[in-house]
């Protein structure tokens, strides 16, 4: 079983202290789905009245749990979340759909809610039938052991090839009332579909109507998870869910949200950004975290596409792995993005040192500070397109032998 | 200097015998641009009246030689081609443009033609000024030694990180007259911009007006070079030129071409396909050649985009390197292509064995023949989308430690 034996990423961050969220109990258990000797089934139970928002993979071949969540999300309320690791329940046909319904019904019976208030996520191998009888058999003991303080167990219980557990927390104010936002994520890439799909679950004790919650989540995702890539492969299972238990006592939030949520939006963005960057830090084989800033594009969307073309270029990523500030490859990636660009206005900086300006190498360019920067764990690339005001920032990791090792031998 | 020390690709093919093309003399010389102890400057001289067609990189930051060729191509005639290896003359600003003009003028003086009848290509490192004085100094001796039988030297003279020289030849009939089409290529990827850009040069003794020649080349390229990918990175220097010396005695070909060129089109397609597949066979680090066929898409264009999404997926390519018939990753790649697809109609075969049919694993699927197929040097993947009649076929290679080795340390 690959994954659990991998060395911890050199870019790992410690797990922060995670406070209890009023209205939330959680826990894990070993259901024996695929892994041995570790918890692989995670459950969160929410107080009545909890609202929910979600965003999901854009892959056209999504897993059965993604389809289940999409179908029940319009209800806007959640009472439970059940997550298994080791089997993605993707490309499993009718058996996959039956597995999601059976799991949701079993959890609903324990919680005392409708099956449509149970959210599901699965991560692991594609194309193998999910042995849902193992899940439903393990659920009663799992449910009996739920407690408010088991965030660390949950962060570990959803891991597959992740090398460290990922969590983030912030506080915010609604009116004069403090609320807490805490979340966990897994993923060693947004991607890596048969083992390391990106999952993230965030909870707050705030009372936020589902439409406002969905708007907050969509905006925050665009700035965080949608700006991270490991290898350009979009998972069939990516799922990000945000739950609001409504236990905090603060002024009522209208359905459309608005200014009253400004501080919550700031804190949520910070939580999502923390989690997204941890995914990049745990990118398969990652030795360096790469931040790519593009300015001067014709629009923000154009800047984003250029930044992602750089972030997904195998040649850029291998050059950084080799600590080679190869700006020629960055120019290539800008050019292949298909966005407006003019070679003779293009400038490239690494670690704040401008190497190329307006179409050519900077006269008298001294490589010394750039070479020193490239030896570090965090590499910054800035590209100015020189055409407009469009800006974007994205993150990725380098492409190393570790990626080949992990992905050339995962399943067997 | 990386590249020349690389072991020969296990997928290499022997260099075929290449006949002289009436109206063409060629040769190579050591100009000392970057490599030591090998020819790095190649010249082809064409008889008066030679027509020319060309296709070039779609990268928005093309090299100076690409811009030169694009500017002079509308003239439709060619008397010489000069190619250097080791320096791509890309992102070199005014100095790069001056280098192309100086080289073209020096070659034109030797041949006795206009500079605008000289075509240029450069391949190698990006962003370093091309020392064109070394080229122009070497040209007289190079020109003096041109001969009709030096195809093998030319095939080697244009190499950078290529591990074997690449050439192909076919004959065709125009009316009752036999004509010959011969060509060479370099590339270890279409891509890998600072070292292994794809270049290909093809010549025929047929007399074909430039518009008809361009139409032949565009159609053939769409079916060959544009269906090959190594790592999704589009070079700044990709150049494919087709020269027709007009020395063969056959019925006149009209400017618009037409049925009289049917057999030439067939033979040219075969030459281009041979050369394109040799590039995939020499993909950086390649251990296996992968052929991907997509059927049942809503259109041929949609099938092509799906096939390229599979061919460019790092997860598919590393799985094949690991000899793992991981069809879950193929499904993922279909889904991420953004093209119409319905998971429940999708079927996947490897080596002719259907593993998944209409959304799920084939009942009683026996992995034995697939495992055997995966151990070979050539891997065939077939995906049926189940929606329409669109078809496409593309080629790539696997993603191995060799790719990381080559690209993590090339420049330094």
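Positions of Cβ are set from backbone N, Cα and C atoms, glycine also.
As the structure is a computational prediction, the values presented were derived from the model and not from experiment.
Under the three-state DSSP scheme, residue A:284 (substrate binding site) falls in the coil class. Residues or ranges marked as substrate binding site by TrEMBL: A:160, A:186, A:197, A:284, A:407, A:412.
Taken from TrEMBL, the feature active site, nucleophile applies to A:197.
Around the Cβ of residue A:284 (substrate binding site), 32 further Cβ atoms fall within 10 Å across all displayed protein chains.
Those binding-site residues from A:160, A:186, A:284, A:407 lying by chain B, with Cβ under 8 Å from one of its Cβ atoms, are A:407. Between the binding-site residues A:160, A:407, A:407 has the most other Cβ atoms inside 10 Å of its own Cβ, all protein chains included. Neighbours of residue A:186 (substrate binding site), defined as other CB atoms within 10 A of its CB across all chains, total 29. Mapped onto three states, the DSSP output places residue A:186 (substrate binding site) in strand. Following the DSSP three-state reduction, the secondary structure of residue A:160 (substrate binding site) is coil.
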